[in-house]
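Engineer: Got a structure here, written out as structure tokens. Questions coming.
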Amino acid sequence: MKELILTLQKEIIVPVEMDKVLPEVIENMSLEEIKNIELVQGRKRIKVADIFDVELNDIEGEPRIVIKNSSPKLKYIGSKMTKGEIVVEGDAGMYVGAEMKGGKIVVNGNAESWAGQNMKGGELLIKGNAGDYVGSAYRGDWRGMSGGTIIVEGNAGNEIGEFMSKGLIHIKGNVGIMAGIHQNGGIIIIDGDVDVRVGGEMKAGAIVVYGKVEEILPSFKFEGIVENPVIKLSKKDAGTPIAGTFYKFSGDYVYNKPKGQLYISVDSNPDLI
């Protein structure tokens, strides 16, 4: 298989869309063919070799792309990818991993907003911070993340998991407002603190918060205190065990018969109830 190493030659101002450079695309291409792949930059089209130094190696296993000296101006990295691996050495722009179906993306830096948007499968690992709308839907759409795993080792912004229906989002830092808004399934785990309106208008799925919460919406029902719960999202679900002692809430009761589950750490929120 092929390993493609792209080294950004200099700082770019106008964003470049990287959705044409995918592991499954380059695995059967020659070096010259890769250099001539067209990318959209603003109102014009450029070639890969116009902004990158390009190196192609033979490796064992799945096809792999490494982007060195990366920039937040590089958008749509790994968009719709189905296999292989992409490693981003630096920051990634908006829509990294959007609609990805398989494979793995590792961002050794921060990611801009809409990381993993409408993600369907695969794994997205962000070792820095992420912007707003992690694992969310497109503007005006009601279909968010439907599979796969997103892990953010830093903080994330607002409205993570919007309209999420399946999969896992794990934020190891803090998050902003409206985490899990309109959530329809899947699990969101937040190790840090959460701002207001967590789980707003969720119908199903689960949100676990180990840090502090600013509030619980009045449309959620307190179900009691649970220890080391096993989260089951359906009758056939084997369950996901969660360590700790939690306040359990159900909701959001702005809907009829909601199945959403909130688990809020007792240790971090001793005065919540």
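Cβ coordinates come from backbone N, Cα and C, glycine included.
What you see is a predicted model, and the numbers here were worked out from it, not measured in a lab.
According to Swiss-Prot, the protein has these features:
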type   : residues : note
REGION : 78-211   : region '7 X 13 AA repeats of [GW]-X-X-[MQ]-X-X-G-X-[IL]-X-[IV]-X-G'
REPEAT : 78-90    : repeat '1'
REPEAT : 97-109   : repeat '2'
REPEAT : 116-128  : repeat '3'
REPEAT : 142-154  : repeat '4'
REPEAT : 161-173  : repeat '5'
REPEAT : 180-192  : repeat '6'
REPEAT : 199-211  : repeat '7'
Engineer: Could you count the residues of the repeat '1' (78-90) that DSSP puts in helix, in strand and in coil?
Structural biologist: 0 helix, 6 strand, 7 coil
Engineer: Could you give me three numbers for the repeat '7' (199-211), the DSSP helix, strand and coil residue counts?
Structural biologist: 0 helix, 6 strand, 7 coil
Engineer: Sort the residues of the repeat '4' (142-154) into helix, strand and coil with DSSP and give the three counts.
Structural biologist: 0 helix, 7 strand, 6 coil
